[in-house]
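Before I ask anything, here is the structure I am working with.
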Amino acid sequence: MIKSHVLGFPRVGEHRELKFALESFWKGDSDEQALLAVARGLRKRHWQAQIAAGLDFMTVGDFTLYDHVADHIQLLGCEPTRFGFTENQTALERYFGMVRGKSGHVDTHALEMTKWFDTNYHYMVPEFSPSTQFTLHASRLLEQIEEARSLAHPIKVSLVGPLTFLWLGKSKALGFDRLALLDQLVPVYAQLLSQLAKAGVSWVQLDEPVLGLDLPSEWIARCESAYQPLKSTGVKVLLATYFSSTQGHTSLLCKLPVDGLHVDCCRALEDLPQVLDWLPNYKVLSLGVVDGRNIWATDLDRAHSMIQQAFDSGKGEVWIAPSCSLLHVPYRLSNDASIRDEVRPWLAGVHEKLDELKLLKMRVEAHLGKTNWDTAQAQLWQAHQTRVHQRQQSPLVHNPAVRTRLAELPAGVDQRSSHFNTRQAKQQDKFNLPMLPTTTIGSFPQTANIRHLRARFRKGELDRHQYWQGIQQEIRQAVEFQERIGLDVLVHGEAERNDMVEYFGEQLEGFTFSANGWVQSYGSRCVKPPILFGDVSRPNPMTVDVTRFAQSLTDKPMKGMLTGPVTILQWSFVRDDQPRSDTALQIALAVRDEVCDLEAAGIGMIQIDEPAFREGLPLRTSRWKEYLQWAARAFRISASGVADETQIHTHMCYSEFNDILPDIAALDADVITIETSRSDMELLRGFGEFAYPNEIGPGVYDIHSPRVPKKAELVRLIQKAIEVIPARNLWINPDCGLKTRAWAETEQALKVMVEATADTRALLNT
Ligand SMILES: Nc1nc2c(c(=O)[nH]1)N[C@@H](CNc1ccc(C(=O)N[C@@H](CCC(=O)N[C@@H](CCC(=O)N[C@@H](CCC(=O)O)C(=O)O)C(=O)O)C(=O)O)cc1)CN2
Ligand SMILES: [Zn+2]
């Protein structure tokens, strides 16, 4: 028997309906009823799409107003007590309180947000302590099940599994291992599954992507006891793994007391032979044959042969699905007018992936003798495969000049000409900066005015000249502001950029970009990852005009602002027909050319942002070394074309650097700025203990919150930094860019930062 399903659907809406509904609700422009109506409408539309695609189940439980992990915090009744919630607050008030950091009278910081595995999606981090208790609050989920029922189609409920939920949470209590909570958590899951059974649900999908990590052996050892109590609840359980291989414990997973196992055949294909061997034939095997992390049309012949293999090995019931939730891909690409005409047919967003599943299932059914494979279907299949092969053979994908340049890279292309100490001395002479130089990370507020300016330019209401005038005005204001408050190293503010990756994707050869290919990044915020389909090159300078203009307005150093090769790679949809390392190298050369052009235009400091450097690490540590080698080399290639006097900065937020400090040092950036304020400089301690050799700017305040820091707090943080890093190597800056902030708080916060620095300098001099 063959069935088809999806692990999860995006929720923001094809036209970002949820984003706009949320933002209007938060502003107070609309009420709760309006917001919930939009949410209901989206769920219904998404289920209808699943029915139309002939899926055997609609997936329920994957929808969320903000983040699915945050939903589980309420579902499992473990809202952190620090929020001080009261009886008379509604679940929705408490929910937005947790994810956004304000709740009635209590003004406390939001739940921490961090990357969902190696994706660009952020989830809200559950907080655990020895006194955490779990209780079931299933009413929201049960309501959604009721809602789905009205569509009269079988449903499957999707939930984050207990191991993953615990693993993704954090405990601040010293020495407390959250695994100790498993025995309390599992009964609540069992209770939930029983309730779902009562509500008539027959299948529940429990997502356990942590099984693709190097889980500590204590965690692996508890898998079986975690799942045993979920066995006799009256629902069947599909255990879903994805993103990475489960090697080391695949056989254990095959034996767990569950009714089915989902494997990611795009990212963990190496697990398939073992699963075919070890998974009992009476269990459901769900094959993730359509890539949920990328946008290339599936090679259906290849997918079909994998499915065939499963039947040949004796499996009785095979399900087919995307490899993971479709959260990570845009809704629809086949009608997107911005995408290059030649490239568009090669792509598949959510709706096109549903079509692929439909076709695959029909083909398998015909193969199993259940139905006929008619000529219309055969033609659809052929047409699809032709598009897949066209991409493989297209001359658009191959640029001989890029290939030649790569083949002929000179030795030492990834090395600065002199050692850091030599460069530092020359740079000090050239810039003559004060002790503890102050700077910012690049972006200033992306105001409604800027977005509107760009929207009008896009629609043709403004011509290029008028748009450029508007942008120049923004740059002028940003420079004036920075001079007024006395920052030492200025930035132009990035007003001309829609996004730090998309902006470069739009200008590089080998990329195309969509008009509407939005993917949720966190909450209501989305990104539109550019599509890298071919060899990358840089036809023209990308940032020289804006940077030169900005520098012309000031005598202070203007820091050029670029996105690095690893981050462009990581935050784009990239080709799957060559190793990621090759693609990174091509991007690196394009960035290098830009760095050299900026230098030639008189820009003395250039920042190459790499916020996704850490996130790019493979999920399995055995593959880290290889990644770190090529990723660091790509960065160095982008940075090494300049003279000793030119100061290269890099920036990384999303920290947790301690396990890769030598690799960060190996980037050999003259200055690195990092996010540290939320960890109270704890992160910097690692750099100190490692004796990080180059200059470093620990973020002194959190840009994720509108809160304006107090001067005394910053003085204390700066002093803490001086304890671990020699003052002569220290810079003072915020944690990250300011694009999501408003001007009022930005001005105040940066002023406080400059004053706190001045006070500290005075203290150092006495
Ligand atoms: N690619 C990427 N990944 C990243 C980050 C990042 O900066 N880039 N940072 C981290 C995540 N942080 C993020 C922070 C902010 C936003 C964000 O603000 N996104 C904007 C969209 C940004 C954008 O592309 N803006 C476009 C389009 C803006 C838009 O929607 N315009 C309106 C029209 C507005 C008007 O007429 O006034 C429309 O098209 O409907 C532009 O500026 O040109 C949003 O969701 O609202 C996203 C991620 C990690 N991953
Ligand atoms: Zn950042």
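Using N, Cα and C of the backbone, Cβ positions are placed for all residues, glycine too.
Automatic prediction, not curation, is the source of TrEMBL annotations.
In case it's useful when we look at the structure, here is the feature table from TrEMBL:
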- 4-310: domain 'Cobalamin-independent methionine synthase MetE N-terminal' (DOMAIN)
- R16, E17, L18, K19, K115, R525, C526, W571, E615: 5-methyltetrahydropteroyltri-L-glutamate binding site (BINDING)
- 436-758: domain 'Cobalamin-independent methionine synthase MetE C-terminal/archaeal' (DOMAIN)
- I441, G442, S443, E494, D609: L-methionine binding site (BINDING)
- I441, G442, S443, E494, D609: L-homocysteine binding site (BINDING)
- H651, C653, E675, C736: Zn(2+) binding site (BINDING)
- H704: active site, proton donor (ACT_SITE)
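What's the neighbourhood like for these features in this structure?
For C526 (5-methyltetrahydropteroyltri-L-glutamate binding site), the number of other Cβ atoms no farther than 10 Å from its own Cβ, over all displayed protein chains, is 18.
In the shown protein chains, 26 other C-beta atoms lie within 10 A of the C-beta of D609 (L-methionine binding site). According to DSSP, D609 (L-methionine binding site) sits within a strand segment.
Under the DSSP three-state reduction, C653 (Zn(2+) binding site) is assigned to coil, being neither helix nor strand. In this view, C653 (Zn(2+) binding site) is surrounded by 20 other Cβ atoms within 10 Å of its Cβ, with every protein chain counted.
Packing around H704 (active site, proton donor) is summarised by its Cβ count: 19 other Cβ atoms lie within 10 angstroms of its Cβ, all protein chains included.
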Can you list, in sequence order, the residues of the same chain other than I441, G442, S443, E494, D609 whose CB lies within 8 Å of the CB centroid of the L-homocysteine site?
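In sequence order, the nearby non-listed residues are T440, V491, M500, M561, Q607, H651, C736, G737, K739.
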Would you measure the largest Cα separation among I441, G442, S443, E494, D609 for the L-methionine site and round it to whole Å?
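Between the outermost Cα atoms of I441, G442, S443, E494, D609, the distance is 13 Å.
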Considering only the binding-site residues L18, K115, C653, C736, which possess a Cβ situated under 6 angstroms from at least one atom of ligand 2?
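Going through L18, K115, C653, C736 in sequence order, those close to ligand 2 turn out to be C653, C736.
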When the Cα-Cα distance from I441 (L-methionine binding site) is computed for each of the binding-site residues R16, E615, C653, E675, C736, which gives the smallest value?
C736
If H, G and I count as helix, E and B as strand, and all else as coil, what does DSSP give for L18 (5-methyltetrahydropteroyltri-L-glutamate binding site)?
helix
Over all pairs in R16, E17, L18, K19, K115, R525, C526, W571, E615, the listed 5-methyltetrahydropteroyltri-L-glutamate binding residues, work out the largest Cα-Cα distance in Å.
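Output for 5-methyltetrahydropteroyltri-L-glutamate binders R16, E17, L18, K19, K115, R525, C526, W571, E615: max Cα distance 29 Å.
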Compared by Cα position, which of the recorded positions R16, L18, K115, H704 is the closest one to E494 (L-methionine binding site)?
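Comparing Cα positions, the closest of these recorded positions turns out to be H704.
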Tell me which of the binding-site residues R16, K115, H651 sits in the most Cβ-dense spot, judged by other Cβ atoms within 10 Å.
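Neighbour-count leader: H651.
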What is the interatomic distance between the Cα atoms of H651 (Zn(2+) binding site) and D609 (L-methionine binding site), given in whole Å?
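For H651 (Zn(2+) binding site) versus D609 (L-methionine binding site), the Cα atoms are 5 Å apart.
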Rounded to the nearest Å, what's the C-alpha distance separating C653 (Zn(2+) binding site) and H704 (active site, proton donor)? Just drop the number here, would you?
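Each residue's Cα considered, C653 (Zn(2+) binding site) and H704 (active site, proton donor) end up 11 Å apart.
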